[in-house]
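First comes the structure, then the notes that go with it.
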């Protein structure tokens, strides 16, 4: 199985600043020109919401302050500027092969 390691486990960011979350895969999730890494946001009592797919593509309806980058084994989610509604847990997930696996999550809090 591909193991996804997220860092940091939690972070506190002031309104208007940048939040950066990293995800490292135990082996490459990129092939044929695509990176099969995705980012989700989850708030209490709600299902995960897809933010970014294929490493850098913004899901429809997601604000442009969310962006993703990376390839191979190293990926990043950036949120800038952070808004109050962004307080949540963020997960990376790969779909390179079965089983699909998620990172352990990063909790974003507002200062």
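Even glycines carry a Cβ here, placed using N, Cα and C.
What you are looking at is a predicted structure, and each value in this text was computed from that prediction instead of being measured.
According to Swiss-Prot, the feature disulfide bond maps to 23-92. Residues or ranges marked as region 'Framework-1' in Swiss-Prot: 1-23. Here Swiss-Prot flags 24-38 as region 'Complementarity-determining-1'. Annotation source Swiss-Prot lists region 'Framework-2' at 39-53. Marked as region 'Complementarity-determining-2' by Swiss-Prot: 54-60. Swiss-Prot lists 61-92 with the feature region 'Framework-3'. Here Swiss-Prot flags 93-101 as region 'Complementarity-determining-3'. Taken from Swiss-Prot, the feature region 'Framework-4' covers 102-111.
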Other parts of the chain folded back onto the region 'Complementarity-determining-3' (93-101), taken as Cβ under 8 Å at six or more residues beyond its ends: 1-4, 25, 28-31, 36-40
Counting across all protein chains present, how many other Cβ atoms fall within 10 Å of the Cβ of residue 92 (disulfide bond)? 30
Under 8 angstroms, Cβ to Cβ: which one of 54-60, 61-92, 102-111 has the largest number of such pairs with the region 'Complementarity-determining-1' (24-38)? 61-92
If you run through the region 'Framework-2' (39-53) with DSSP, how many residues end up as helix, strand and coil? 0 helix, 9 strand, 6 coil
For residue 23 (disulfide bond), which residues of its chain lie six or more apart in sequence with Cβ-Cβ distance below 8 Å? 4, 5, 6, 37, 39, 70, 74, 75, 76, 77, 92, 103
